[in-house]
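Please read the structure below before turning to the comments.
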Amino acid sequence: MAPASKEPCKKEACDIQACLSKNNFLPQKCLKVIENLQSCCEKCDYKSTHCASVSGLLKQMPKMLSSMLEANTMLNSLKLIDHLLHPSYA
């Protein structure tokens, strides 16, 4: 078995930095990599310096997911209304 890393969760933290840079620093575009870091932090009991630096981002996750769900629900409702107002006949 490989020895424990001196810096657990470093890769996951770097993945978040790369994702945020690539996506105009919109955390909702990087949910998967944020979840990966959260999982890593849970495994090491948040004893990594990389977990402390993103604790605020991890705390925002439930709010971001809720906002995305609301936005998606609203978008689907608008699509339904548009379809009802402008039905396409095949």
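Yeah, the Cβs are placed from backbone N, Cα and C, and that goes for glycine too.
TrEMBL: automatically predicted annotations, no manual curation.
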Inquiry  = Of the cysteines C19, C41, which is paired with C30 in the disulfide recorded by TrEMBL?
reply    = C19
Query = Do you know which of C40, C41 TrEMBL records in a disulfide with C51?
reply = C41
Note = Reduced DSSP state (H/G/I helix, E/B strand, rest coil) at C30 (disulfide bond) is helix
Among C9, C19, C51, the most crowded of the disulfide-bonded residues [Cβ within 10 Å] = C9
